[in-house]
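Trainee: I'd like to ask some things about the structure below.
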């Protein structure tokens, strides 16, 4: 299945989620005491949903890294953005600047954007193409298949 770049659908899904965040969260919880939970969930969606289109681009680039065998680069970006950017931003926004739960949501959004920017820099730089896994020739692979090695 071919992956396509972010489309109008992706932008539309993010926009609908932002505009209808409260009713969307309200579908999953009802009853007394649900209002604060719905408000927290809606805040999360309003802050993070706009980054979904950006993350779609990042995941496509990350797939290229993994598919080419450049797994160290993909892992490095993931670990750095999750444990570096996201964790440090959470600590700063919640503990230092008293943002509360919204600090965690902003940290997620920031790490999503950071991952996409880092992925784009490495993707367009092209060094990841040197890490391609295909070391064997096509003839060797064809010989393996003909010999029944994969039966």
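The backbone N, Cα and C atoms fix where each Cβ goes, glycine too.
Note that this is a predicted model, so its numbers are computed, not measured.
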Trainee: Which of these ranges is annotated transmembrane segment in TrEMBL: 104-124, 125-145?
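Mentor: Per TrEMBL, the stretch marked transmembrane segment is 104-124.
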Trainee: So if I exclude everything within five residues of the ends of the transmembrane segment (73-97), which remaining residues of that chain have a CB under 8 angstroms from its CBs? That is, six or more out.
Mentor: 62, 65-66, 103-104, 106-108, 110-112, 114-115, 118-119, 122, 128, 131
